[in-house]
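**Q** According to TrEMBL, the active site, nucleophile annotation covers Cys2. TrEMBL lists Lys604 with the feature active site, for Fru-6P isomerization activity. Residues or ranges marked as domain 'Glutamine amidotransferase type-2' in TrEMBL: 2-219. Residues or ranges marked as domain 'SIS' by TrEMBL: 286-426, 458-599.
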Amino acid sequence: MCGIVAAAARREVSEILLEGLRRLEYRGYDSAGMALIDNEHRLLLHKQLGKVSELERAQQLQPYYGCTGIAHTRWATHGEPSAANAHPHISGQRLALVHNGIIENHEVLRAELQSQGYDFASGTDSEVIAHLLHGFLQQGDGLVDAMRQTVRKLEGAYAVAAIDIHHPDQVIAARHGSPLVIGVGIGENFLASDQLALRQVTDRFVYLEEGDLALISPSELLVFNEQGEPVCRDQTPIDDVVESVELGAYDHYMLKEIYDQPRALAATFHACDNLLRDDSCFGDGAAAIFDRVNNVQIAACGTSYHAGMVARYWLEELAGIACEVEVASEFRYRKRVQHEGTLLLTISQSGETADTLAALRNAGEHEFVGTMVIANVDNSSLVRESDLVFLTRAGAEIGVASTKAFTTQLVALLMLTIALGRRRGMSPEKQQEVINALQRLPDFVEETLELDTNIQQLSEAFIPKHHALFLGRGIQYPIAMEGSLKLKEISYIHAEAYPAGELKHGPLALVDDDMPVVAVAPGDELLEKLKSNLEEVRSRGGELFVFADRAAGFSSEPRVKVLNMPHCPEVIKPIVYTVALQLLSYHVAVQKGTDVDKPRNLAKSVTVE
Ligand code: G6P
């Protein structure tokens with residue numbers, strides 16, 4: 001969370017910084033700021049409460065120009081969202097600093113700094129870093145030494161970048177626990193939390209490693225490792241087509257991303273050439289690791305956790321492999337009994353989620369046969385630190401509520417099921433059946449997208465409601481969970497998901513006319529049981545919204561609205577039904593007038609614990 005962009009160039013950089021922030025806004029958007037050193041070596045600062053657009057407005061009213069600068073978009077952790085708490089933080093009228101992460105010992109450091117005479121202008125943990133750095137610079141240290149001394153005093157996670165008027169063409173940065181990448185230009189260099197911010201200016205990147213310090217100027221790029229030694233980190237060219245982060249004809253990124261799913265799902269499926277024989281799409285050495293896998297332990301957060309929950313059904317039912325799934329924030333701290341032959345599988349759109357990364361890093365302490373990640377962002381921390389990697393081909397996902405990243409994760413997980421199932425007696429016919437279903441998946445998703453207008457009509461009933469219940473059975477239960485998460489994230493309607501069989505054990509008490517009930521009810525073997533549950537809801541005045549296979553025999557009647565879904569192979573139904581639920585949430589949120597792409601209090605990439 002929080003996005004950092006920095007530039008050291010021979011040209012004016014304010015517009016580059018602002019464009020970088022726009023591209024990083026998914027990381028946080030409660031306040032934003034930018035500091036520049038102008039050609040008279042003055043430090044110029046804009047800080048605004050609210051989105052990056054507020055900062056742009058401030059820059060239009062009072063333009064500041066400079067060739068060296070840092071900028072930040074914030075997701076508040078310590079200190080409420082306000083202009084004072086926005087970054088950059090200034091110290092001694094000479095330096096400005098931006099920070100992503102959490103400084104755990106900030107209270108002690110604050111007290112020390114106050115006793116040395118430093119006044120604090122904010123309630124953030126980050127401001128201590130600015131004053132510490134200032135203190136070391138005042139003692140005569142150069143930028144690199146001063147930053148090294150500063151980070152030695154910090155406990156917690158950080159990516160920081162700072163500029164100092166006494167070193168007007170340089171930016172100093174450090175990373176520990178939060179991502180930071182250098183963008184390499186010609187006669188100019190940049191820094192950012194995510195390469196996406198810098199694709200406007202370069203396609204060559206240096207990914208900083210844990211404990212690295214970096215100093216950039218227009219002509220130089222120096223990296224020092226944790227021991228303070230100068231190191232040469234590889235430059236990674238990113239030569240894929242620059243991904244469109246433009247909205248195009250869509251009103252919201254979320255809608256664009258929902259509609260991008262047929263392409264993204266097909267691209268992800270085609271990442272593996274010959275699933276029936278070859279495991280190389282899961283990374284070098286996949287076959288050797290897969291041969292030893294008896295169990296899969298999945299750790300993930302949010303929507304990615306739901307993908308893991310779906311995968312459990314596939315892995316156990318199709319591949320005959322025991323699978324456990326846990327939210328990474330619990331998994332990382334729990335004392336567990338480890339089974340022999342366990343693969344640790346993390347799932348993460350961003351590849352940077354702090355809890356998921358911690359789950360992977362703790363893996364070293366346990367006996368796993370290997371670690372694997374399913375991620376959407378190449379070169380992210382999870383990708384760099386896992387033995388095996390499968391990259392989903394969702395493309396950049398900007399909307400905070402995950403859509404195409406989730407469904408492409410499911411494709412990856414189904415392909416993994418085949419790779420592992422092949423070793424556990426999954427018949428060639430069954431494997432082929434799943435592959436055939438995956439091949440046809442984009443068409444079924446297209447068909448679901450054609451139901452958009454019908455779904456929009458259904459969504460109207462949710463607008464005045466304060467609660468919603470989502471029901472599913474079996475593999476559709478995690479899909480109900482994902483549907484309810486989507487609704488609460490973007491429409492702020494309180495939504496809960498239950499396995500349909502649990503309805504009478506509690507939630508039925510809540511059912512009334514303020515509680516629409518959504519049932520994910522494809523025509524599978526559980527349908528009949530679900531039908532009797534649904535009757536219980538209806539007879540208590542609840543209104544039902546049933547997403548059903550058109551072959552299932554449901555029809556609309558008073559207080560029951562049925563959306564007839566495409567008749568598709570069982571195994572891909574979780575993916576197809578997800579798309580319909582995404583559209584439902586989207587339309588509810590649009591009609592409620594919420595900020596669909598940037599829902600309040602949330603951030604896309606949670607790089608703090
Ligand atoms: C945040 C996002 C969610 C996402 C979760 C896990 O909470 O708002 O959309 O599912 O993080 O993120 P990851 O990048 O690890 O999938």
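Quick reminder: no glycine exception, Cβ is built from N, Cα and C everywhere.
Nobody curates TrEMBL annotations by hand; they come from automatic prediction.
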**Q** The residue listed as 'active site, for Fru-6P isomerization activity' to the residue listed as 'active site, nucleophile': how many Å between their Cα atoms?
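**A** That separation, Cα to Cα, works out to 10 Å.
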**Q** So how many other Cβ atoms are close to the residue listed as 'active site, for Fru-6P isomerization activity', meaning within 10 Å of its Cβ?
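**A** There are 28 of them.
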**Q** Averaged over the domain 'SIS' (458-599), what pLDDT does the prediction give?
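**A** Here the mean pLDDT over the domain 'SIS' (458-599) amounts to 89.
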**Q** How many other Cβ atoms are found within 10 Å of the Cβ atom of the residue listed as 'active site, nucleophile', counting all protein chains shown?
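**A** There are 28 of them.
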**Q** Which residue counts does DSSP give the domain 'SIS' (458-599) for helix, strand and coil?
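**A** For that range the per-state counts are 66 helix, 30 strand, 46 coil.
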